[in-house]
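**Q** The structure is given below, and queries will be raised subsequently.
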Amino acid sequence: MAYPGIWANSYGQMYQGTPGNNNNYAQTSQYPPSAQASQQAPISANGQAEYGAQYYATQGHYPNYHNNYYVSSTQPALTATSGSQVTYQLQEPPNEAIGEIKYTIDDTDRRRGGKKSKKRDIENGDNEIERVFIWDLDETIIIFHSLLTSSYAQRYGKDTNATLQLGLRMEELIFNLADNHLFFNDLEECDQVHCDDVAADDNGQDLANYNFQTDGFRTANAAGAICLGPGVRGGVDWMRKLAFRYRRIKELYDTFKDNIPELLSSPVGEAWRQLRTEIDQNTDNWCALALKALGLIHNRPGCVNIMVTTTQLVPAIAKCMLYELGPVFNIDNVYSATKIGKESCFERIIQRFGKNVTYVCVGDGREEEIAAKTHNVPFWPISTHNDLMALHQALELEYL
């Protein structure tokens, strides 16, 4: 398929280089009154230039790109270290490129059998999904694994020890939340792809006064005889207790996804907030950039965000909570590919929403790219801050 090269090159190349500071972009929700900024804005890694203001000021140039948005470019990407000077330049497309438009999302719709009608019943509009965005998690929406491996620090000229410590502190918070509130000690060996995979075994019992510590589940699990994969049935009583745990996880997620400190103890909540601030500063607001794109999709009628991650389901849910992704990802839209792989997860998602829906995959890894190609799904690669900003721009202008 031509999609990766088309999208990454033609749109991503508008923002070449490594941003040293995205604070203005991440915090800006309105365009400036005018679009008179220069097409060149020198950006140093110490973030002295008004990067976000320059980014939004270029809005005045975008109508010129509408007709040849999907034309690819061969301009090489730029990289930078903390001591280098980078210039971001928006380039007008060559005149001869006009008319060479490749496939668009609407073309994909037609090849799949046509879009659903734009006429929706008002009351049920949010339930009539027309476009599904399938997201990877680590190094696409959040920066976590590359903090632990120091690859982010090496790529962007950051302090390797400082970023490593940030990663270790976040890792500790993730597993503390997973163990203390999300039953990970019970469920680590009984991982599921989706929270509802064992819902059929739930008898609907009121869990308000249920004691998970003394219900015998952990003792049975420790025996080692009933560690089950998705769809495999064991003892009825044990499966019911397993389903209770996933139901409680969903309840906790829905209750605290907008207010994590309320779930955490006071000292832990304060430490979490400080850590989030430090990670945002050291990653140049990577997660904030991703959240702007996610928010546009979440608030658009007929669109939905779906997450497919290779992290086990319970730690993935903990990540969503600690990185404040709950407002843009319902827990029903989180899938773990740890046991079945991303291609199988894609199959489940397509079965869930149907073949007449348009799908778009957003990720940084080869696995999701292959899964997208297998299912004829356009793939938007994420490898730099520029890719996230270009994605946000494409969504805002309704190219996607």
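Even glycines carry a Cβ here, placed using N, Cα and C.
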**Q** Could you check which of 22-43, 110-131, 264-285 is flagged in TrEMBL as region 'Disordered'?
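**A** It is 22-43 that TrEMBL annotates as region 'Disordered'.
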**Q** Given TrEMBL annotates D136, D138 as Mg(2+)-binding, which of D364, D387 belongs to that site as well?
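**A** TrEMBL names D364 for this Mg(2+) site.
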**Q** Within 8 Å of the Cβ centre of D136, D138, D364, which other residues of the chain have their Cβ, at the recorded Mg(2+) site?
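**A** Those within range, site residues removed, are L137, E139, T140, I141, T309, G363, G365, E368, I382.
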**Q** Relative to the Cβ of D364 (Mg(2+) binding site), which residues of the same chain, six or more apart in sequence, are found under 8 Å away?
**A** D136, E139, T140, P381, I382, S383
**Q** Near the Cβ of D136 (active site, nucleophile), how many other Cβ atoms are there if near means within 10 Å?
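**A** Other Cβ atoms within 10 Å of D136 (active site, nucleophile): 23.
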**Q** At a 10 Å cut-off from the C-beta of D138 (active site, proton donor), count the other C-beta atoms across all protein chains.
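**A** Within a 10 Å radius of the Cβ of D138 (active site, proton donor) lie 18 other Cβ atoms.
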